[in-house]
Amino acid sequence: TSFIFKEVCGYPLSIFFIVVNEFCERFSYYGMRAVLVLYFKYFLRWDDDLATSIYHTFVALCYLTPILGAIVADSWLGKFKTIIYLSIVYAIGQVAMAVSAIHDITDTDRDGTPDNMTFHVVLSMVGLFLIALGTGGIKPCVAAFGGDQFSDHQDRQRRTFFSVFYLCINGGSLLSTIITPILRAQDCGIHSQQKCYSLAFGVPAALMLVALVVFIVGSGMYYKAEPQGNIMLDVCKCIGFAIKNRYRHRSNQYPKRQHWMDWAEEKYDKLLIAQIKMVLKVLFLYIPLPMFWTLFDQKGSRWTLQATTMNGYFGSLVIQPDQMQTVNPILILTLVPIMDSVIYPLINKCGLNFTPLKRMTVGMLLAAIAFVCAALVQIEIDKTLPTFPSTSQSQLKLLNMGSETVTIKIFNDFFVLQASNEYFTFEAGQINISVGHPEVRNTISLAKGQRQTLLIPLTITDEWLMTDDITSKPQEGNNAIRFVNGMKTAVNVSIPAANFGLIEPFSYSNYSLIKNGKVTFTLWSGSQSCEYSTDFGFGSSYTFFIPSTLVFGPNCQESITAAEDIKPNSVHMALQIPQYFFITAGEVMFSVTGLEFSYSQAPSNMKAVLQAGWLFTVAIGNFIVLIVAELAKLPKQWAEYVLFASLLVAVCFIFSIMAYFYTYIDPAEIEAQFKKNVNEDDEDNKHKLQKTERSNGKINVTKLSYYNMA
Ligand SMILES: N[C@@H](CC(=O)O)C(=O)NCC(=O)O
């Protein structure tokens with residue numbers, strides 16, 4: 001096809017459009033993916049397991065579709081048209097996701113929650129399916145299309161292009177993983193303000209449209225290779241024929257052949273058979289690889305969920321749980337050059353032959369270490385989590401509304417207290433409590449599986465009140481806050497973001513969810529007011545007690561007491577950095593090396609086949625997450641991390657044995673040798689034919705074309 005060829009600094013100008021397209025596309029993909037698991041959990045209200053399962057099913061689908069994209073491009077549309085059409089599908093999918101996250105569409109009662117969840121679930125699933133089709137479909141085409149823009153003598157430029165291409169992937173991923181979680185954390189809506197997932201999906205949708213436009217703008221400058229026919233189909237047919245032929249000749253009377261693929265020799269070119277053998281050898285080596293991706297891709301699911309239970313304060317900066325994923329591209333951008341220019345040359349200088357397969361083995365071990373780190377962090381988090389009552393237990397806390405301490409006797413234990421900060425756990429459904437002197441006795445019924453607070457009145461003989469307390473950690477790093485009014489007059493409590501309403505005397509408000517940071521509450525009683533300020537972290541719950549002795553005015557701050565029902569997240573998100581460091585170092589050694597290995601060991605016409613095979617290992621890896629997590633169903637998250645780490649170590653051991661027996665090849669040399677042999681055969685055959693011609697007086701055309709094929 002005709003195109004305008006322009007060169008800048010020795011590089012075809014067309015690759016500029018391809019690199020920018022990749023940057024925008026990866027921004028779109030990773031930006032959407034960064035908030036996906038939180039969207040499932042907090043918008044669609046799925047539990048952790050379902051959210052993780054659907055997330056990995058989606059990622060798996062994104063890596064299954066490259067095979068489809070490669071087939072369509074090679075055998076039908078060509079790479080250019082495939083990229084255009086599938087990018088449109090992709091952009092529609094992103095728009096569907098953005099629309100599915102607008103809660104106002106079905107929020108008819110305007111309470112801030114969607115009323116027809118089926119609509120949102122169906123639309124988002126359709127969106128994700130289209131995105132998987134688009135992103136996976138174009139994946140093997142874009143890089144190869146970029147490679148096609150270079151001529152044979154531009155090897156060095158082509159290599160630089162691939163490095164820049166990888167950096168663009170991570171640049172796009174880095175930016176989007178910073179930006180979309182910020183957008184998600186904003187409040188937006190028509191009737192009520194909710195977390196802005198629609199904007200977090202809308203911006204990636206816009207970037208996908210930009211990617212498409214940029215790619216189309218470069219249209220006139222691309223070299224567009226015509227589809228060559230589907231090599232994958234030829235490979236499958238050849239393998240199928242070899243198996244059938246081997247089966248037909250299974251009896252002992254037929255001599256054995258060196259390799260089972262040699263049974264295709266009757267019908268297929270020897271070069272094609274040799275190329276398939278090379279590919280099969282590498283594909284065999286791929287068998288253990290999905291386990292690496294099983295661990296690697298959990299940084300977007302389990303690790304993000306882990307970050308939601310951690311403290312995200314970095315000085316005055318607040319890091320969102322989903323933003324922690326940015327550590328990966330940041331480290332990629334720094335580790336790739338360090339590995340290439342320092343670590344690998346240093347290892348070489350030490351006389352060690354650090355072959356690609358050895359690097360990949362080390363990469364797997366590093367990923368396993370990352371999961372051990374994740375398990376250790378999880379153990380630290382678990383230590384800080386409250387112990388909620390089991391279904392057969394009840395928990396009770398006491399709050400004395402009087403100004404004097406009272407003596408309380410539960411069964412035979414005595415407590416002298418103003419308020420108890422701890423919950424007492426009981427197996428019994430009823431307890432006897434005696435309070436004060438002279439003793440006032442009461443029998444209290446406790447709710448199983450619940451946390452409650454007993455409010456002991458100012459005058460002990462008055463009615464006692466029980467509150468139902470929160471029994472799970474507040475989600476999304478919010479803090480659950482309520483007030484107990486011990487005054488004889490009603491008090492109104494408000495903050496700019498919430499109104500706790502009028503709290504009657506000796507009564508309590510409902511919980512309100514409040515974000516982290518400094519908050520100032522304003523308390524009103526008639527015309528008198530008082531301000532109470534406090535700092536909140538992430539994931540805590542407090543009951544603030546307004547005592548009967550409160551004097552409205554500037555000094556009221558000291559009079560109000562806070563009972564900590566649930567401690568804030570105290571394990572710092574920075575503790576996730578070691579696990580990110582090890583998984584990224586593992587990725588550089590495993591993924592970057594693996595891509596290069598797949599390319600170098602593939603015959604010239606099957607580079608795309610092996611790339612699709614490599615991407616297929618990512619898909620299988622994501623399915624393994626689903627299977628292992630479903631089968632193991634471990635009660636403790638840290639145990640699941642250890643299980644995955646152990647599985648990877650076991651698989652790594654098998655891989656190292658397979659790698660030991662692998663002999664590296666130079667496909668170009670083998671192919672050249674084959675072509676040389678064929679040419680020599682051709683010469684021989686020509687001589688034979690000329691002799692036959694001379695003796696018979698005519699040429700057998702069928703025979704000649706057969707010789708030329710062989
Ligand atoms: N390191 C990843 C990007 C990320 O997880 O943020 C990467 O380079 N992936 C390769 C790709 O093609 O997306």
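Note that Cβ sites are derived from N, Cα and C of the backbone, with glycine treated the same way.
According to TrEMBL, the protein carries these features:
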TRANSMEM  50-71  transmembrane segment
TRANSMEM  83-105  transmembrane segment
TRANSMEM  117-138  transmembrane segment
TRANSMEM  159-179  transmembrane segment
TRANSMEM  199-223  transmembrane segment
TRANSMEM  278-296  transmembrane segment
TRANSMEM  330-347  transmembrane segment
TRANSMEM  359-379  transmembrane segment
TRANSMEM  577-597  transmembrane segment
TRANSMEM  609-629  transmembrane segment
TRANSMEM  641-665  transmembrane segment
Taking 50-71, 83-105, 117-138, 159-179, 577-597 as candidates, which has the most Cβ pairs under 8 Å with the transmembrane segment (609-629)?
50-71
How about the transmembrane segment (330-347) and the transmembrane segment (577-597): at least 3 CB pairs under 8 Å, pairs 6 or more apart in sequence, or not?
yes
With Cβ-Cβ distances below 8 Å as the criterion, list the same-chain residues six or more beyond the ends of the transmembrane segment (117-138) that contact it, or say none.
25, 29, 32, 39, 43-45, 58, 61-66, 68-69, 72, 82-83, 86-97, 99-101, 103, 105-106, 615
